[in-house]
Amino acid sequence: MDGVFVYWFGWLAWIVGTFLLPKNELRQVMCASILALLCFIPLNVIISGNQISIGYVFSLLICYLQLGKLRFIGIMYPAVCCLFVAATYIGIQELIRLDPVILLIDGRFLSAGAVLLTIFILKRRANRTAVLATGLLYGDLFLNVYRHGFNGGMELGSLAFFDVFAISVSVSTAALVFSMALGKWRQHVLANSRQPKPVPTRIDKHA
């Protein structure tokens, strides 16, 4: 059933952000964005016979706002990574369409796994999730253009796409959180190892 993963992961992320994260501006923006996305996904507009999800446009806007913080020179490498992610997504989707025999695993997990493998090879931790999300959004656009052209019939932001989107972004975010926690743990261990050990006091029994 399409749409299961995006709503499960979306509500789980909203609950974690609302009740477990520190109370700051980042938490408010993140939780509000997740809630807005879950509300926008089922809403669609029809433009020249093409169905476009408002959630798709909203996701693209959030990605642009995140990547827009980079300098012009610094945007080149993320842009190349986005194209690699998009190409991987298109390739897997076309492989599934032409050879359904490979669907021993759910196609959504297969697509998400291939895209995640690509982004973890190409990109360092910084902005990885934003680059991943942007690449997937571009991949959905290019795939629809390839299959339908500009004559109508495109469906940008389908529930099946957002399932892949949710799985990929969730795994990438979880890897980022785990990496940050591991780094802090290493710093804590190193700080403790550098502290001078107390010298035991010797008692002179002949005093």
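A Cβ is built for glycine as well, from the same backbone N, Cα and C atoms used for every other residue.
Annotation comment: TrEMBL describes 6-22 (among others) as transmembrane segment.
Among the features that TrEMBL reports, transmembrane segment is placed at 29-47 (among others).
Per TrEMBL, transmembrane segment is recorded for 75-96 (among others).
What TrEMBL records for 102-122 (among others) is transmembrane segment.
Annotated transmembrane segment per TrEMBL: 159-182 (among others), in sequence order.
Same-chain residues lying 6+ beyond the ends of the transmembrane segment (6-22) with a Cβ under 8 Å from its Cβ atoms: 30-31, 34-35, 37-38, 41, 159, 162-163, 165-167, 170, 173.
Sequence-remote contacts of a segment are chain residues at least 6 beyond its ends whose Cβ falls under 8 Å from one of its Cβ atoms, and for the transmembrane segment (29-47) they are 3, 6-7, 10-11, 13-14, 17-18, 21, 53-55, 57-59, 62, 157, 159, 162.
Outside the transmembrane segment (159-182) by six or more residues, the chain places 2-6, 8-10, 13, 41, 53, 55-56, 59, 89, 108-109, 111-112, 115-116, 119-120, 125, 128-129, 132-133, 136-137, 140 with a CB less than 8 A from a CB of the stretch.
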